[in-house]
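Enquirer: Feature list, courtesy of TrEMBL:
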TRANSMEM  50-69  transmembrane segment
DOMAIN    62-438  domain 'Cation/H+ exchanger transmembrane'
TRANSMEM  76-94  transmembrane segment
TRANSMEM  100-121  transmembrane segment
TRANSMEM  142-163  transmembrane segment
TRANSMEM  175-193  transmembrane segment
TRANSMEM  214-235  transmembrane segment
TRANSMEM  241-262  transmembrane segment
TRANSMEM  283-308  transmembrane segment
TRANSMEM  328-345  transmembrane segment
TRANSMEM  357-383  transmembrane segment
TRANSMEM  389-408  transmembrane segment
TRANSMEM  420-442  transmembrane segment
DOMAIN    497-639  domain 'Cation/H(+) antiporter central'
DOMAIN    646-801  domain 'Cation/H(+) antiporter C-terminal'
COMPBIAS  828-846  compositional bias 'Polar residues'
Amino acid sequence: MAAVSDPLAELWKHLTSSDRSGQLCFYPSKVTMSGIWIGDNPMDFSLPLLLFQIILITSTTRLVALLLAPLRLPRYIAEILAGFLLGPSVLGRAPHFSDLAFPVRSLFILESMSLLGLIYYTFTIGVEIELHTVLRAGHRSFWFAAASALPPFLVGAATGYVAVGTDKTVNRLSFPVFLGATFCATAFSVLARNIAQLKLAGTDVGQLSISASLVNDTFAWGGLTVATALAHVRYGTVPCLWTLGSGFLIVGASCVVVRPMLLRLARRVAEGEVVSELQECSVLVGVMAAALVADAGGTHAIFGAFVFGLAVPNGPVGVAIVEKVEDLVMGTLLPLFFAMSGLRTDTAKITSVPAAVLLMVAALAAATLKVVAAVSVAGVFGMPLHDGISIGLLLNTKGVIELVILNIGRNKGIMSDQSFTVLVFMSALITALVTPLLAMVVKPARRLVFYKRRTIAWPSHPEAPLQVLACVHLPRDVPALLTLVDVASPSERSPVAVQALHLIEFAGRSSALLLINASAPSSSFEHSSAHGAGRSQVELHFKHISHALMAYEEQSAPGSVSARTVAAVSPYATMHDDVTAAAEDRHAALIVLPFHKHRSVDGGLEAFHPAVQPLNTNVQRFSPCTVGVLVDRGLGGGAPGGLTRVAALFFGGRDDREAVALATRMVNNPAIDLTVLRFVQKGGGSSLAEFDALKERKADDACLREFLDRAHGMSVGGGGGAGVEYRERGVFNASEMVAQVREVEALGKDLFVVGKAPGLPGLTAGMAEWTECPELGPIGDLLASRDFQTTASVLVLQAYARPGELVAGDASSGGGGGRPPRPDQVRRNSISSAEQFRRNSIGNNW
């Protein structure tokens, strides 16, 4: 291998040498310019040049990321390629480009800025990693981590010993350790993004991969510290021991001094105190102090920043601090580090082809051994081969940590320019290869899930167990959810199985994915309460939701309710895939979604997140079962005496029959005051063909007859609700219909249950023009609007429609319920004659 050469070190040696033939002068006054109007060149002044370099690097990185976006490659690839383009291998070959854009005199400042960004980036990684999450990882995670770290480390160490045999100037002890740490490292932040994009956050593969990557990263940082200490062996044994000892002192000081102070601050914040600007500034200055101490101790500045980040509790304090620095660091300063790596990556420095091939083969062998080891461990634990391959590929994800190790090794003279260039290239290549393999292996074609019950109405067995998937964004969604489950009258004869799906937005930060370990059985609630101040906010939300469902299950009658909580971490744009997949896996008959608006202080509704409404619409579109959107106006509060007053509005059609089916289950509940109001249009015609209209009327009559038979049987048996009333009203137009609804609302209702697409489109045709929330349908939108002035909550149901089935309302302007028909599905748009809706044989009142 070629001798190690560092241009910065050579420049400094030239400046301090007494026998230099030339002289480079730097003028302190040439920091800022007086203006181009007097003849100043911006490239001759340090500040304008630095600003130009930052703009150039950031723009190039964003442009490369935009070009690579269709390939779905990690951003890490774009950042490395951007630095490579700006380096001597591509644009640097153009005449005068390097002298103009990256002159030697500017590298000191640019290097310092990039290291400052790297210091704060490694600090945020430390904040996002919770030590108790690593420690509580199950034995399977530790075995996967050990199996995926030890073979690559041995390959790297063996390759390092073979490689240093050709270069006597390279440290024989530190280079093998550096190479082994590089091969065994896994980029946690890049892995987290891959897991979120592949919808693996709530799976066994995702959990094991995240836990194993945390252990691997900890091992890699330990290897980096040891290798840095071994690099001082050339100066004697004592400096090596002092370097290693200083690393342990930094870790000890962070655990004994810094961590307790920040935990006390976190407890005060949990009690309502706000993190002040002075406290945030103190932590940020502490990062620089830790980096300074670590660099002075001989390890590296980023090691001190990482250890300091581990001491920061990942709760409100950690979130507040990370939000202060993450956008600036990730968007502006960190690309400088990749650019500096690209400036040092020069393909012309590859002079020994056999040595380069040796490193390339070793890197590929280490990556292959990770997959083989993961498959072997999966076989020992009885896991499928597919899962073992998936975990092995995920643990091959590379990122900033590996590049940091390579840069440290090069700066400290442990590896040559050739080794650095080859290993940077292999890091990008392996990550680029892993991404398409993950798409093929980890996320195969969506399997078909077959199950029968996909609606609330179940004629073969009306009291059959009801599977409910309840989506929750925040803990405040839970009271209304539990009240709704209670309204469904769970009992031993008619149990309700509820799975709460905690929907967590993945906005590019890896800390959210730490939550997937929160549902592990080893994570006890006592442990959570004892260390609540150090938990992330999202994990605390998950614990509160789990607590509430567990308490509800314990308080319910034995065998009537089963409840569990899982998490889905995903961007809102694709979160509907997580919801529909969870519903199919659960064999759910009903999905309950929170409305995108929450009750405000003044009693109105305010938007929670702009992406929640499109999420609800997508779930309704692709749902494998009935979907209910719950507009909560304090349903969890309940009425005096524990009585819940419910009104179900029935216009006919598939969606409204689901509303009556839910009302039929409520008849069994003695704590329910129930009113079912049926509307019949006078003088109106059906938009369906005569045969379809007759079929719909028969289905409507059968649904209501079943409700009345159940209510009459409960009344005779003395086991019915507190009050069950059936009304039937004939109306000519929408204004009469609204007046009837207001009469029911004036009686004082806690919950309205309506269908999304009413079966009387003639009454609601004009309402569709001013509908604010189409996902609620015309009636649900009316009840949820501020103009209606009701304090009752609203549950809007959309019935599941099998492909090819006619959905009530398809021919109307209001749109239909259920999923939209496929392109090859023929809609029946024939309009019947002016046949009036006949009064059914049930009677006006019961």
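Sequential numbering from 1, following the chain as shown.
Backbone N, Cα and C atoms are what each Cβ position is placed from, and that goes for glycine too.
Just so you know, TrEMBL annotations are computer predictions that nobody has curated.
Describe the structural context of these features.
Expert: Remote same-chain partners of the transmembrane segment (76-94), defined as residues 6 or more beyond its termini with a Cβ less than 8 Å from a stretch Cβ, comprise 56-57, 60-61, 63-65, 68, 101-102, 187, 190, 334-335, 338-348, 398-400, 403, 424, 427-428, 431-432.
Sequence-distant contacts of the transmembrane segment (100-121) (same chain, six or more residues past either end, CB-CB distance under 8 Å): 7-8, 11, 24, 26, 43, 46, 49-50, 52-54, 56, 86, 284, 287-288, 291, 301-302, 305, 325, 329-330, 332-334, 336-337, 339-340, 343, 400, 404.
Remote same-chain residues near the transmembrane segment (142-163) are listed as 1, 170, 172, 175-184, 186, 208-209, 211-213, 215-216, 219-220, 223, 355, 358-359, 362, 365-367, 369-370, 372-374, 376-377, 380-381, 391-392, 395, 419 (criterion: CB distance under 8 Å, separation of at least six residues from the stretch ends).
Using a Cβ-Cβ cut-off under 8 Å and counting only residues 6 or more beyond its ends in the same chain, the transmembrane segment (175-193) has close neighbours at 74-76, 125, 128-129, 148-150, 152-161, 163-164, 209-210, 212-214, 216-217, 219-220, 223-224, 226-227, 230, 362-363, 366, 394-402, 405-406, 408-409, 414-415, 423, 431, 506, 508, 510, 512-513.
Tertiary neighbourhood of the transmembrane segment (241-262): same-chain residues 225-226, 228-229, 232, 283, 286, 290, 293-294, 297-299, 303-304, 307-308, 310-313, 317, selected by CB-CB distance under 8 Å and a gap of 6+ residues from either end.
Same-chain residues lying 6+ beyond the ends of the transmembrane segment (389-408) with a Cβ under 8 Å from its Cβ atoms: 74, 76, 80, 118, 121-122, 125, 144, 148, 178, 181-182, 185-191, 194-195, 200, 205, 208-209, 212-213, 216-217, 220-221, 224, 228, 300, 302, 334, 337-338, 340-341, 344, 367, 370-375, 378, 414-415, 420, 423-424, 427-428, 430-431, 434, 437-438, 441-442.
Long-range contacts of the transmembrane segment (420-442) within the same chain, counting only residues at least 6 positions beyond its ends with a Cβ under 8 Å from a Cβ of the stretch, are 71-74, 76-77, 80-81, 179, 182, 187, 190, 194, 198, 200, 205, 341, 344-347, 349-350, 356, 359-360, 363-364, 367, 386, 389-390, 393-394, 396-399, 402-403, 406-407, 409-410.
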Enquirer: When you scan the chain for residues with a C-beta under 8 Å from the transmembrane segment (50-69), skipping those not six or more beyond its ends, what do you find?
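Expert: Sequence-remote neighbours of the transmembrane segment (50-69) are 42-43, 75, 77-79, 81-83, 85-86, 101-102, 106, 109-110, 113, 331-332, 335-336, 338-339.
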Enquirer: Who are the long-range neighbours of the transmembrane segment (357-383) in its own chain, taking Cβ under 8 Å and residues 6 or more past its ends?
Expert: 140, 143-144, 147-148, 150-152, 155-156, 159, 162-163, 179, 183-184, 204, 389, 391-393, 395-396, 419, 422-423, 426-427, 430
Enquirer: Is the transmembrane segment (328-345) packed against any residues at least 6 beyond its ends, judged by a Cβ distance under 8 Å, and which are they?
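Expert: Distant Cβ neighbours of the transmembrane segment (328-345) are 53-54, 57-58, 61, 79-80, 82-89, 92, 102, 107, 110-111, 113-118, 120-121, 124, 400, 403, 406-407, 410, 417, 420-421, 424-425.
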Enquirer: What mean pLDDT does the predicted model reach across the domain 'Cation/H(+) antiporter central' (497-639)?
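Expert: Across the residues of the domain 'Cation/H(+) antiporter central' (497-639) the model's pLDDT averages 77 on the 0 to 100 scale.
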Enquirer: For the transmembrane segment (283-308), what are the same-chain contacts with Cβ under 8 Å, counting residues 6+ beyond its ends?
Expert: 115, 118-120, 122-123, 125-126, 221, 224-225, 228-229, 232, 239, 242-243, 246-247, 249-251, 254, 258, 262, 317, 321, 324-325, 404, 408
